[in-house]
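Below: the structure, in structure tokens.
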Amino acid sequence: MGHVGGGSSVGLVQSAVKAYNLRDASNWWHDVNDSPLWQDRIFHVLALLYGLVAIVALVQLIRIQLRVPEYGWTTQKVFHFLNFVVNAVRAAVFVFRRQVQKLHPEIVRHILLDMPSLAFFTTYALLVLFWAEIYYQARAVSTDGLRPSFFTINAVVYVIQIAMWLILWWKPIPVLLILSKMFFAGVSLFAAIGFLLYGGRLFLMLQRFPVESKGRRKKLQEVGYVTTICFTCFLVRCIMMCFNAFDNAADLDVLNHPILNFIYYLLVEILPSSLVLFILRKLPPKRGITQYHPIR
């Protein structure tokens, strides 16, 4: 009986220790979230990371321009330029995150926090366009309708979002704010499907090329990695925006959720951008660049 009593006592002690540790971990999370010092530290780390990605994109853009100055704004150049703009704006917003939170009217804050997300969508939609053009050209199918479709889709997305911002500015309606977040979740899902559709098609097409084809294996890996990274990134963004719309605990537009902000922006923008820029670091050849189409 003594042994039984001793065993149950040990079990109770262990349960109490576990409960204490869980409470301690929860307290740590809340302590960091509620500390203005930690809020500023985390936002400044995000600003630094975005700044580094912006510098990498700008350096790569300059390298491409020096390599092929005779070509205008190619898809590759525009992609790197937009990457630079998105990350530079994000860095500036996070440097002044506390001041941004105090801006009035409130809609200005939403625009500063959400406009880079729209630009991020455009940047990576450009990559889907590039792959779609390669895919259809390889199959001898006309690509004339792709660019107008790209510009039309982007125009529709921006017009709808700007219209919602203007209505929110005129009359702040909580339901419209939820609709705005859900709209962006839908846009992110659309981008994820685009990557899966054209990245997947291009990957399967490259697989059918002869094994001895020059650069086949490297291009296959490049398309496979970028498709996986971008599909995952936009899918995570879609799921997170759904939580953000309906759960105050998942709100990203407040100062007292710095850890959530750090995890979210690291997973859906900083890490994907860094990996994609690294994978696509190869410079175009000096002559015979048929795969880098100028933006008209």
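Backbone N, Cα and C define each Cβ position, glycine as well.
As written in TrEMBL, here are the features:
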type	residues	note
DOMAIN	25-296	domain 'THH1/TOM1/TOM3'
TRANSMEM	42-66	transmembrane segment
TRANSMEM	78-97	transmembrane segment
TRANSMEM	117-136	transmembrane segment
TRANSMEM	148-170	transmembrane segment
TRANSMEM	182-204	transmembrane segment
TRANSMEM	225-246	transmembrane segment
TRANSMEM	262-280	transmembrane segment
Lying 6 or more residues past either end of the transmembrane segment (78-97) yet within Cβ distance under 8 Å of it, the residues of that chain are 39-40, 43-44, 46-48, 50-51, 53-54, 57-58, 60-61, 64, 112-113, 115-116, 119-120, 122-123, 126-127, 130, 255, 265, 269, 273, 277, 280, 295
Top stretch by Cβ pairs under 8 Å to the transmembrane segment (182-204) (candidates 42-66, 117-136, 225-246) is 225-246
Under 8 Å Cβ-Cβ from the transmembrane segment (225-246), and at least six residues away from its ends along the same chain, one finds 124, 127, 178, 181-182, 184-186, 188-189, 191-192, 195-196, 199-200, 203, 252, 264, 267-269, 271-272, 275-276, 279-280
